[in-house]
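Quick notes on the structure that follows.
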Amino acid sequence: NQTSASEFVLLGLTSDPHLQSLLFFVFSVIYLITLFGNMVIMIVISTDPHLHSPMYFFLFHLALTDICYATTIIPYMLVKFLLKQRTIDFSACIIQMSLILLSAGSEIFMLSVMAYDRYIAICKPLQYQEVMNKSVCSQLVGGAWAMGVLHSIINTLPMLNVQFCKHTEIKHFSCELPPLLTAACGRTFLNKLVLLSSAVISGSSSFLLTLISYIYIISTVLKIQSATGRQKAFSTCSSHLIIVVLLYTTALFQYTKPSSVSSFILDQLFSIQYSILTPMLNPIIYSLKNNDVKTAL
C-alpha cells in the first residue's frame, strides 16, 4: 500500500455519464467565453492608442493571467469528461498544481498593483504620470509574476517528498494543493504549514495593499464636492472592487480553512468560483463597467 503512486484518480464533479456530457458542454462554453473575452481585451488594449495607459497595461496582464489560470484547469477537465477517464499521472498532477499556484499568486498581486494604480490616479492625480511611468509599471507587473512563481516554488518543492499510496483518490476535479494534501498517505504537517503560511502571508499582504489603497481612495472621493465627480471616481474603481471581492472571499477561505470544516461540495463550488468563473467574469465586468473599453470595442 505504501508504494509511491505513479498516477492518481481524480474523482471530479460527478461519475454520472449523462451529467458528465452536460458538464462537458457547460465548461466548454465557459472556457470559450474566457478565452474569447480575455483575448479581445488584450487585442483591444494593444491596438487602441487611447488605452495605452498604466491602468490598461495592468488589465492586459490580468487578462493574460486569467487565460493561464483557466487553461491550466479546464482543458484537462474537458478531456476527462469526454474520455470518461479519471486518472492523471503523478508528474502531470504536480505540474498542474504548480501552474495553479503560479496563476493564483500572480492574479492576487496583479489586483493589488491595479488598486495601487487607482490610488495614485485618484489621490495624487498631478503626480500620476511621473509616478506611474513605464519603468515602474513594468517593475510592478514583473513583481506580481515573480510573487506567483515564488508562491508556486515554495509549495511545489515540499510536495515532491510527500508519500502517496499506490491507489490514491483525489476528491476534486483538478490537482489543487489542499485536496492533494488530504489524499496523501505520508506526513504532510510541514506541507500544510508551508501552504497556510504562504497563503496567509501572500494573501493578507496583497489584500492589505488593496485595502489600504481603497481606504485612501474612498476618503479622497468623499471629499469631492460634486456628485458627478464622486460618481466618475467610483466608476473607475467599481470593476476592480467587484473582482477583488469575488476572488478573495472564496480563495482565502479555501486555502486557510481548517480541515474540520471541509466539505466535498463546498470545496468544489469555491474552486469553480475563483479558478473558473472569475477568469470568465473579469473581461465581462470590465467591458460592461468601463466606458473607455466599450468605446474601444
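Each Cβ is built from the backbone N, Cα and C atoms, and glycine gets one as well.
According to TrEMBL, the protein has these features:
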type	residues	note
TRANSMEM	22-45	transmembrane segment
DOMAIN	37-286	domain 'G-protein coupled receptors family 1 profile'
TRANSMEM	57-79	transmembrane segment
TRANSMEM	94-116	transmembrane segment
TRANSMEM	136-154	transmembrane segment
TRANSMEM	199-222	transmembrane segment
TRANSMEM	234-256	transmembrane segment
TRANSMEM	268-288	transmembrane segment
Long-range Cβ neighbours of the transmembrane segment (199-222) (under 8 Å; 6 or more residues past either end): 105, 108-109, 111-112, 115-116, 118-119, 122-123, 147, 151, 230, 233-234, 237, 241, 244, 248, 251-252, 255-256
Considering the transmembrane segment (136-154), which listed stretch of 22-45, 57-79, 94-116, 268-288 counts the most C-beta pairs under 8 Å: 94-116
Whether the transmembrane segment (22-45) meets the transmembrane segment (268-288): three or more C-beta pairs under 8 angstroms: yes
